[in-house]
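*Asks:* Structure below; questions to follow.
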């Protein structure tokens, strides 16, 4: 036996399965301002006490399933995560909210990738847990300040576009796949000249055989410049720079900048947080706005007892960097409860958000002037939803109508005109003190 092993044995070092509860469940722990706090919805397996399940969640901070001899080379008390509080979920059998505190030193500065790898990278497969959901995170000020955040933010975007006092209008070009680059550009032009502020590549428009990315970028740039000349307004098209490699993604963003367009787009979940943060840094350095699409989010956030809700993904996007993010509609075809949606909309836009469990916000969050993100309402909405959308999302938003623009029987430009007229009527009515909730349909009829 080596001297090191002999020493460990003499002080009680024993191999075997570790009892998580003894190490990671510390109900007397007082959280620090520098801790990252997490609220997990825990569903233990039958026979597993909630304290053990909560402690197992915290194990991802430093642990493994057994005691190892290298534990003696560091301070477990300094670095371990701690499950410091557990409470039952009202109205749900065998579900608990477990609160876990992680010391800040566990995380690399400015890395959403590392944060998620540490907190949720492994624990969701533990046998002791039937299901696990990360409900919310409290990001401490000390960690927030290590992130650049959105490339520009809400106010800078409005200044770039010279558009104030109303929501912005967008449209996703349809059909999303199958058009040639020239026909695609024609659809963009018709929408922009009709009064929209933005048009958009759909999330899976990258560089397919029928429409290579460079051709699409060129025809879309031609369309927006022509629409700008005709309308006197600044226009944009979300050119999707998402690609198979980070190098190719940046190459596409560079070409967009050379064309002089104002905004590019990234599928930040399928592309990954490392790629997204890299693109966000490029966009800030080169004056491009960044539209982030949440493709794949429902794989992660739709289940009520497993995965993580969109509020966590929204916080991560604000840290990683994006000037826009899709946020559901409340009234459209995609799932989204009003209060929960407004909860993460506030997390995207506001500088300081108070704890409010009724809206799914488990912790007070201080963003310390990190730029805000504009929420994008998109998915199954049309002109008759305009009063509700204007009331729900307010001015600092993008209201994005795909089929609600392109489906107009007279064509794309009349569809865009209808949306612009409806929006301006709703904003004027709101400013005059009219109730959009009760008078919305009447306001739209008057405008038509």
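Heads up, residue numbers simply count up from 1 along the chain you see.
Each residue, glycine too, has its Cβ placed from N, Cα and C.
As listed in Swiss-Prot for this protein:
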MOD_RES   3  N-acetylproline
MOD_RES   14  N6,N6,N6-trimethyllysine
BINDING   122, 172, 176, 294, 326, 378  substrate binding site
ACT_SITE  174  active site, proton acceptor
MOD_RES   200  N6-carboxylysine
BINDING   200, 202, 203  Mg(2+) binding site
ACT_SITE  293  active site, proton acceptor
SITE      333  site 'Transition state stabilizer'
*Asks:* Sort the recorded positions 122, 172, 174, 176, 294 by C-alpha distance from the residue listed as 'N6-carboxylysine' and give me just the closest.
*Replies:* 172
*Asks:* Cβ within 8 angstroms of the Cβ centroid of 200, 202, 203: which residues besides those meet this for the Mg(2+) site?
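*Replies:* These residues sit around the Mg(2+) site: 172, 173, 176, 201, 204, 205, 238, 240, 265, 293.
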*Asks:* For residue 378 (substrate binding site), what is the secondary structure state per DSSP, taken as helix, strand or coil?
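*Replies:* For residue 378 (substrate binding site) - judged by DSSP and reduced to three states - the answer is strand.
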*Asks:* Recorded positions 202, 203, 293: which have a Cα within 10 Å of residue 176 (substrate binding site)?
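*Replies:* Final answer, ordered: 202, 203.
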*Asks:* Write down the Cα-Cα distance for residue 293 (active site, proton acceptor) and residue 378 (substrate binding site), rounded and given in Å.
*Replies:* 11
*Asks:* Could you check what DSSP calls residue 176 (substrate binding site) once collapsed to helix, strand or coil?
*Replies:* coil
*Asks:* Which ones in the same chain are close to residue 293 (active site, proton acceptor), with CB under 8 Å and 6+ residues apart in sequence?
*Replies:* 203, 240, 265, 266, 267, 268, 325, 326
*Asks:* Let me make sure I understand the span of the substrate site: among 122, 172, 176, 294, 326, 378, what is the greatest distance between any two Cα atoms, in Å?
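*Replies:* Taking every pair among 122, 172, 176, 294, 326, 378, the longest Cα gap is 37 Å.
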*Asks:* Rounded to the nearest angstrom, how far is the Cα of residue 172 (substrate binding site) from the Cα of residue 202 (Mg(2+) binding site)?
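*Replies:* Each residue's Cα considered, residue 202 (Mg(2+) binding site) and residue 172 (substrate binding site) end up 6 Å apart.
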*Asks:* What whole-number Å value do you get for the CA-CA distance of residue 174 (active site, proton acceptor) and residue 294 (substrate binding site)?
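*Replies:* The separation of the Cα atoms works out to 18 Å.
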